[in-house]
Amino acid sequence: MAQVNRCLKQLFFGFNMLLGIAGCVLLVLGMIAAPHNTEHDQGESIGLTWIISTAVVSVLLSLLGAYGAYQENIVILRLFLGIIGFGSILFLILGFKVARSMPEAMQVIQENLPAITSEMMADAEQRQTIMALQVQGKCCGIMSYRDWDSNIPETCQCSSFKSDPSQCMEVQMTKDGGNWPCGPLILDNFDSAFKTVLGFFLGFGLYACIGQVLSGVMIRQVKKVQSTDVPETIDDGYRFTPQFQAIRHAEGVEPTTFYP
């Protein structure tokens, strides 16, 4: 009895195992980040939804592909191929869109940063966020220390974070203040976020393309095995009857051609 190539089958199992592991990791990260997400952070909510949805689909798809390969079921393998094919197209399109919009988005953020700074400084909660960023990034203000007017907080003092003296300057309101603004740090964070999203989409898209190739080869192998795996008890004359050919066609096997 003919069998599907053992190496191909193990390679396909390995592909689905890695896909399942990646899905579990994303699901855990999404569940960890969920409690820290707030309702007004719409961008974070959309990103978290994408991560959890991709994680769940990846785990279920890996189980579907592994089961189809184990059972050598053409219907399940074709379903796997269709889903992962759609996923690869979707992720690659989104990846290319992110890559094309990155420069423009960064320029828009940079141009609107002064206006955003004014809105943040007018909100008490946002000011606390800026002060936390100042401690972490060892900077002062978003555009400059002048964002605080005459109320420069202690987090701007160079002595509070032992900054490089070249990044400090004397001001009249306090003993010393940070001269390095947090704006470039914020822009770097946005740039890193865009690159992470880009890598996420393109990475899953390319990996899905590999899955398409493997599942396509698996389907071809299974069809080839099934076409040669004809029971010995079937009469040779019955093999070429329309009824038998219809059954084989329903199983996904090409009709047998013969010459009288």
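Glycine residues also receive a Cβ, built from the backbone N, Cα and C atoms like all the rest.
The model shown is predicted, which means the values in this text are computed figures rather than measured ones.
Quick look at what TrEMBL annotates:
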TRANSMEM  12-34  transmembrane segment
TRANSMEM  46-68  transmembrane segment
TRANSMEM  75-96  transmembrane segment
TRANSMEM  197-219  transmembrane segment
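75-96 is the stretch from 12-34, 46-68, 75-96 with the greatest number of Cβ pairs below 8 Å to the transmembrane segment (197-219).
Tertiary neighbourhood of the transmembrane segment (46-68): same-chain residues 12-13, 15-17, 19-20, 22-27, 29-31, 33-34, 37, 76-77, 79-80, 83-84, 87, 197, 204, 211, 215, 218, selected by CB-CB distance under 8 Å and a gap of 6+ residues from either end. With a threshold of 8 Å between CB atoms, the same-chain residues lying at least 6 positions outside the transmembrane segment (75-96) that come near it are 57, 61, 64-65, 67-69, 198, 201-202, 204-206, 208-209, 211-212, 215-216, 218-219, 222, 252.
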